[in-house]
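Positions annotated as domain 'Peptidase S8/S53' by TrEMBL: 48-534. Sequence annotations record features per position, and here TrEMBL assigns active site, charge relay system to 57, 129, 496. Here TrEMBL flags 613-707 as domain 'Subtilisin-like protease fibronectin type-III'.
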């Protein structure tokens, strides 16, 4: 059947070309103050009880202790969901902690020929990503994290008592939108409370509004069914207009660093200490003192007259053991260099490790290359002493010392290696940094309505959560990350890692307030967030230039860093339902009501005066001419009446007036707010501010403002 025939077939409402999709802890519970929330919910043994979180990802490793079922502490009350068995995933994998597991592969199998050795047709996770995400949100409490024989602490999910429903739709060879949509549909039918999407389309749809793609429409259907959808904002930062979470009915999550780092140090024979990155042990001798060994530049240790030019030409990257004179590099600290192979993706750290093990390096130092500039280094559990030096200025200092201590003959060949170096212990955590900081990779707003990236009146991302260097469960198969093969835990970064933090927090809010709708939960998370870091200063962000910071804004962090304890008792919430979202869609500029009805089934009835009138816990106006009145309604979700006073930190070039300026609101009562914006100065970009509603019972409700004042008239 061709496309035109299918388009006109009975019961076919909307067609969209299938697209590829991509995947977007021990400390973060403490960083976010989660133990205080656990206390309010009866302790860690009860946090998340009765809530099911669905995960659409690469599957799950059912044998991991983070997903073990404990009959002494777990009640097995979720028995009506399906468990699809298959290779490496017997029926017993659904054990009471994992309450449902399915896999979806029709789109993948139609698109490509799957590799049965890695593209396992069962809910089993051959990658590790799905296990990491699931354990971050709902992994069991206090699971020991041991990697390469070293203990890194105990891992706990945000809601350790929540149950897990698995929907595998991503395979090592491919992930397709059609499989993800089938998984969303099934998760909604299964009645999950929270749906976690650390996956998403690689780019916006070509021929329709971002809000009306099938991916967004399926998430709207989930919201209509009472499921809160939590979605990764994307990993295309720090460029503006890079978010892949568009719709107001899904919570888009940005990523931040925490104050935990794993510092490592290279110490040269002259006493110079150079900071680097690497989860590895120190170079030590028989005792516990750091041992200093011969320092060798890889390209100086190449076998003379090698007959393998391909290997010799890339020897500085330490990819091939056969390229080196083993007598030179054995028991030496070898300097390997980032070069063309790493730049084009053909060289790997795994190969360096193998070379180091085969030739018995004492350690290796992987340094930046001035030709290619600085690189971004993330801590990796090295099986041998090692360190990465990502800054070219540090490389120059190392090479300057090396050349000063190295004696060469008239042909430039080394006759004596005089340099010495050692590596300090790099696996001990430090908690001294500024935090949170918006991660460099975290996608930025503003939100946009089409592929031309015309901005729209919705704030994205919505919220900020830890997503940098997160310890969580892994799959030892690790087919896409050979360097992590055999490991049960991994330290990973991405908005994929930030998203399950919010999913777990949402699960605890739902447990504490079971009658709340998805939008009420999302509002509570947003209005209680913090825009200040641990130094009491505005949240900073990593920018385009590596290792530099600048002041962030809502297009980087949304409403701010999630505050789980505050979100349990937000005071007021901004609530919106399915009909409100239909009114929002119908109020968009130049929208065709027939397209909305075809896509959603909703009918354009009562319209908003502007899309910015959707009752969100933020206000975004992409083109403010002269003045505009924006409407909001708040609901008191607490048990007592409260008096609120309004205050404004106005965006530059805009005045803001709120009516009423103060109000008394009864329990479960509502209050309409009328907010008038007037342009006093036209600008060439967005400007930011905040509305703060302060209650007499100590509730503080904050609304970020993102305004583009384009004209005073």
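Glycine is no exception: its Cβ is also placed from the backbone N, Cα and C atoms.
Caution: TrEMBL annotation is automatic and unverified by curators.
A distance of 7 Å separates the Cα atom of residue 57 (active site, charge relay system) from that of residue 129 (active site, charge relay system). Secondary structure by DSSP for the domain 'Subtilisin-like protease fibronectin type-III' (613-707): 1 helix, 62 strand, 32 coil. Mean pLDDT across the domain 'Subtilisin-like protease fibronectin type-III' (613-707) comes to 97 in this model.
Cα spacing between residue 496 (active site, charge relay system) and residue 129 (active site, charge relay system): 8 Å, rounded to the nearest whole number.
Residue 129 (active site, charge relay system): 28 other CB atoms within 10 A of its CB, across all protein chains.
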